[in-house]
Amino acid sequence: MKLTDNVLRSFRVAKVFRENSDKINCFDFSPTGETVISSSDDDSIVLYDCQEGKPKRTLYSKKYGVDLIRYTHAANTVVYSSNKIDDTIRYLSLHDNKYIRYFPGHSKRVVALSMSPVDDTFISGSLDKTIRLWDLRSPNCQGLMHLQGKPVCSFDPEGLIFAAGVNSEMVKLYDLRSFDKGPFATFKMQYDRTCEWTALKFSNDGKLILMSTNGGFLRLVDAFKGAVMHTFGGYNNSKAVTLEATFTPDSQFIMIGSEDGKIHVWNCESGMKVAVLDGKHTGPITCLQFNPKFMTFTSACSNMAFWLPTIDD
């Protein structure tokens, strides 16, 4: 089944889970798309089975809190940042609920975490104005970059380069093998003082970069030239909430939730709005991702909603 405008318009909420007492701050699909794991401000980690559409397990990180949860490549392991006490990144085995390793180094809250799509490398960005490069096998930081402001960062789909958005006004591209030589490309964007960048994501084909903000718009950037291709707006975000935006796996569409529980969908190429879907969420949709392998996506406030198309195209 192929994603088309009509298929996207047909998506409806199939199941809603109310496992959390506070907002879900992050979730991540396993590479196979078979499970999704969430982190919440209520200090819980909930694992869902996407094929059966039900929660499987709940774990807790009461002491440190949990945010920015990410699957690693090993089965049943995740990394996540803390939102209490310290700013250490933790590597957890879900199998026996034990920490495998800690990654200390950041002195302020971690605001970005990206796992390499190809190996055990990951990067983190923090309010301490640094990006750190890590290897899951070592607690020691493998590389450190000092920046001029708050960073957002992400690997490209090949895992060869990573992009850093700095101070909500420039995007720097680094070669992973020689990042200490500085960026090989820098794209300066128009600075908008009304909001700041909250995330940066590559499309699966590596051609596009999506800049999320805590304002009422998103920017779609050409990953090679740095030109802004489209600015998407027209969704509600009056309280400057961090709303997650996402590409569909075919790199053809962009989706974002809003503070009023609706999901807005645009065509990447034309820039046209394709659909507005009502998720009936009780709060702002802080998390939204399309499943990497199956025709389903998930949105979250303090509830998790699983969506399915209602037509066979």
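Note that Cβ sites are derived from N, Cα and C of the backbone, with glycine treated the same way.
Taken from Swiss-Prot, the feature repeat 'WD 1' covers 19-58. In the predicted structure, the repeat 'WD 1' (19-58) carries a mean pLDDT of 91.
According to Swiss-Prot, the feature repeat 'WD 2' maps to 105-144. A Cβ distance under 8 Å defines the sequence-distant neighbours of the repeat 'WD 2' (105-144), meaning residues of its chain 6+ beyond its ends; these are 67-68, 70-73, 79-83, 87-89, 91, 150-155, 157-159, 162, 164, 176, 179-180, 199-200.
Feature annotation from Swiss-Prot assigns repeat 'WD 3' to 146-184. The list of residues near the repeat 'WD 3' (146-184) in space but at least 6 beyond its ends in sequence, with Cβ under 8 angstroms from a Cβ of it, reads 111-112, 114-119, 121, 123-127, 129-131, 133, 190-192, 195-206, 209, 211, 213, 221, 223, 226.
Annotated repeat 'WD 4' per Swiss-Prot: 192-231, in sequence order. Distant neighbours of the repeat 'WD 4' (192-231): 112, 150, 152-158, 163-165, 168, 171, 185, 237-238, 240-247, 249-251, 254, 256, 266, 268, 271; these residues of the same chain sit at least 6 beyond its ends, with a Cβ under 8 Å from one of its Cβ atoms.
The repeat 'WD 5' annotation in Swiss-Prot covers 236-276. Within the chain carrying the repeat 'WD 5' (236-276), a Cβ under 8 angstroms from the stretch's Cβ atoms is held by residues 2-3, 5, 8-9, 11, 195, 198-199, 201, 203-205, 207-208, 210, 212, 214-216, 218, 220, 229-230, 282-293, 297, 299, 301, all 6 or more beyond its ends.
Per Swiss-Prot, the feature repeat 'WD 6' maps to 280-313. Across the repeat 'WD 6' (280-313), DSSP classifies residues as 0 helix, 13 strand, 21 coil.
Beyond the ends of the repeat 'WD 6' (280-313), by six or more residues, the same chain brings 1-4, 6-8, 10-29, 31-34, 36, 38, 40, 46, 48, 50-51, 53, 237, 239, 241-249, 255-263 to within a C-beta distance below 8 angstroms of the stretch. Using DSSP to sort the residues of the repeat 'WD 3' (146-184) gives these counts of helix, strand and coil: 6 helix, 18 strand, 15 coil.
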